[in-house]
Structures are given as C-alpha cells and as structure tokens.
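According to TrEMBL, the feature domain 'Major facilitator superfamily (MFS) profile' maps to 29-467. Sequence annotations record features per position, and here TrEMBL assigns transmembrane segment to 32-56, 76-97, 104-127, 133-154, 166-189, 195-216, 309-327, 347-367, 373-394, 406-431, 443-467. Residues annotated as region 'Disordered' in TrEMBL: 472-498. The compositional bias 'Polar residues' annotation in TrEMBL covers 472-486.
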Amino acid sequence: MVLGCADCCSHTGYDAIGNTGPRFGVRHLQCILVFFGLAVAYALRVNLSVAIVAMTDSNHTNPAFPEFPWDESIKSYLLSSFFWGYVVTQVPGGYLSAIIGAKYMLFFGVLICSCLALLTPFCAITGGWKLVVVLRAIQGLCQGVIFPSTHTFLSKWAPAEERARLVGYCYSGSQFGTVIMLSVSGYIASSSLGWPSIFYISGCAGIMWSMIWIYLCASTPAQHSSITPNERRYIETSGQLRRPSDAGREEFVAHQNLRTPWLRIFTSLPFLSLLLAHCANNWGFWTLLTQIPTFMKNVLGMDIKHNGPLSALPYFAMILLTCFFIWLSDILQRNGSLMSLSFSRKLFNSIGLWLPMLALLGLGFITQGSANAKLAIGLLTLAVATNSASYLGFHVNHIDLSPNFAGTLMGITNCAANVMSILAPLIVGLIVRDETNPTQWRIVFYFTAFVYFIGNLVFIVFGRFTVQPWNTPSTHRQTRSVSISGSDEAARAPLIDT
C-alpha cells in the first residue's frame, strides 16, 4: 500500500509532497521569454493589418511615404495570405519540435519571420502587392510552428500543479503583442518615421528577442546549464507522485525512437472532443473579431477599425481577465474540496465559450443608436475577454492527454481550427447579402452561438484530463529511466513501497 496516501491526496487530483521547487526559478524565466516571444510573433502577424490603412490612404498619415492603389479585393488577398502558409506547418511544427527541440523551432520561426518583416516595405515598393502576398505566406509558414512548439516546450517545463497557470500567462503574450501594435501603429504611421517603421520596429523586436531566447533558453530542464538540481527534480518528477494524469513523465522517452500513434490519436474520443472545442472556439473568436466591426459600421454607424485604441480594447481586457482567471483557479485549487482537476478544466472552458455565446445572443437584439453602439462595444469586449478562460480549459488539455505528443496534438487542432478561421468569414458572406440588414446579422450571431454551445458541450461530456494510453506506445518504445540519486530513491521509498 502507499503510505500516507489518504493524507497526501486532495480532491484537486494532485498529490502533495515536500518538494515544491523555488517560488521563482528558471522555469518562470523560460515562461517570461515565451510570453514576449508570442507577443513579438503576434505583433509580426498583425503589423500589416494596421499598416495597410496608412499604406492605402496617406491623407490620415504621413504623406511623405508611398501610397498604394489597392482595392478591397487586393487587401483581402494581402491579409489572408499569412494564413495560407500558417496552416501548412502546424503539424510538422509539433512533430519537429519533439525531435530537434522546441527551442530551435521557436528561434528560427520568429527570426526568419522578423527578417522578412524588415523586407516588407521594399517588397511593396519594388514588387507590388503580389510580392507582398508571397512574403506574407512565407511568414505564415514560419509562424505555423510557433504554437505547437510552445506546447511542446511547456510540456517539458510546466510542473503539473502550475500547468494551467503557466500556459495562461505564456499565451496571454499574444494579446499583449496585439494590444501594443494596435495602440501605437497609428501614431507611428503619422510620425516622421512613416508606415515602413511599423515593419522595421516589429522586425527588429523579433530579432532582438531571438538573440535573447537562443542564449537563455533550453528545450528541457535537463539541458539548461543554470537550473538547480532541486528545481529540475521538481519539474521532472511532477507527474510521478503528484497527479495520475501525468504518469507519462515517469520515464524519459527518447522521441527519436518513439513513433507518433496517428491512428490511435485520431480514434481517441477525448482528443476528438478537444479538436471540436478548439475549432468551435476559433470559429466564434474570429467571427467576433473580423465581423463585428463590419456589423457595427453598417448597422450601428460606428467605425472602430480605424480607431486603434478602441480596436485594442478587447485584447487588453483579455489580458486582464487572463490574470484574474489564473488567480481564481489558484484560489480554488488551494482548497481541494472546492474543485477537482476535471471540474476546473470544464468550468473555465465553459466560461471561455459559453459567455461569448451569450454575448452573441445579446448582439442579435441590438439595433441602431449611439447607446446601442456602446452596448455592442461592451458585449464585444466581454465576449473576447472572457474567451481567455479557455486557456485554462481546452488550451492546456493537449498536455493533459499526452505530454509526449503535446506539440503534435496542438499542431493538429490548431491547423483545423485555423481552417475554421478562414471558413467563418466566407460563411458570413454567404448569409449576409445586405450588410445593413440586422436580421441577416442575427442569423450569423445565432449560428455562431450554436457552434460555441456544441463545442463546449461535447468537451464537457467526452473530454478527459488524464494521460492517454497512446502517450507511450507499447511498440517501438525505447526508454531509459530518469537518473535519480540514491538519496532521492530512499526519500521516495516510503511513498511507493508497502
């Protein structure tokens, strides 16, 4: 029998043992670097979205720089071309990050994308919009590896007890980068630096981050030169005696000898429910961000696309609520009688998908008027901000299901989810023939709310939060035990022996 089991286990699903690691350690430094890496990546992603206004209308910016006669059709090609490449490298990015290390995948992904950003003004002036489309597609190829590699990275560095917290903080960097870019780009374009500096500044920031990252980061705790033995032991053993869902950490798996169990993954009901939740989330999230501004302009008479700070408001609120949800999760986790791990994941995922669903239903009843326009902005901000709770829901579930293949799982779900991001505006275009007709917009809102509802409902019913059997396939498996000193074995013996 396991001695002291009844006293150690709590309703949270975690086992309390003496070693909790340093309050601030190398793992936190790694996560800070990931936060700023994702901030830079999203700044590089959205820089064209905000710069294109100045590039096509010099009347509202510095007229000393070139202006391009690009119509709405060309703009749509320019803005969507990034995602043409982005969806292609999702799965390969997750797979390669497990083989060669997430450190190098993130480094090259951000570095190459940053260098290309520096070339954007030159390409626009010399090659026109077609060359910019090619450049943006290549940038998408580079950034397609970032989210899967980040999940691979966090599966190695985030202890079980801190997993949701660290994942939430890291991924909030994407909103931080978006807020900064949306808020300052208008002022930069109007200054003496002009619109090219939007690309130069974001590109230089990405190169600077890449240099810091390659120097201070390591793909795993074992490869980091300055981590203490105590913190390394805390991270690497966090799944063995702390939580059943992390039993996959008990052995170090040589990934180059571990084949990805594709068939078992795609026939796994918990994974399929995770896939549906991710797709539903992206469908709703990008419908909100890309279509609500059009609805507000044509139905409510308020243009927020050309108002940088107002456009950044939902993302800023999302950062704040991410911190709040992480704090709330920690409070509830400390009192194990309040919330189990399974309940925690489902609760925060429901907040992240069903509160935006309610906001969409509310938007369907809004009609023209200044007061209603303010209400619409409030509902949009609420919907986007509360979606941050999903960071503590389905977003971390990839690591729950399979620490060994977390990056690959994220690559699969993020690829499918971004296809939804492309399809959603097209479906809206088929439904909304008259952009001033609130009845047609109401159909869009109700359908998107239905997608949100089904995605979370399936996740609640079929989602699981324990390591799946295919995490360590029985075939083609060559492992070696993590080296543990004799004193550590003696310390663990009372916990695992009779």
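Each residue, glycine too, has its Cβ placed from N, Cα and C.
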Where else in the chain does the transmembrane segment (195-216) make close Cβ contacts, counting only residues six or more beyond its ends and a cut-off under 8 Å?
29, 33, 36-37, 40-41, 43-44, 47, 50-51, 54-55, 61-62, 65, 103, 106-107, 110-111, 113-118, 120-121, 181, 185, 188-189
Stretch-averaged pLDDT - the domain 'Major facilitator superfamily (MFS) profile' (29-467):
85
Could you pull out which residues elsewhere in the chain have a CB under 8 Å from any CB of the transmembrane segment (373-394), counting only those six or more residues past its ends?
164, 167-168, 171-172, 175, 274, 277-278, 281, 284-285, 288-289, 292, 295-296, 300-302, 304, 310, 313-315, 317-322, 325-326, 329, 344-353, 355-356, 359-360, 362-363, 366, 459, 463
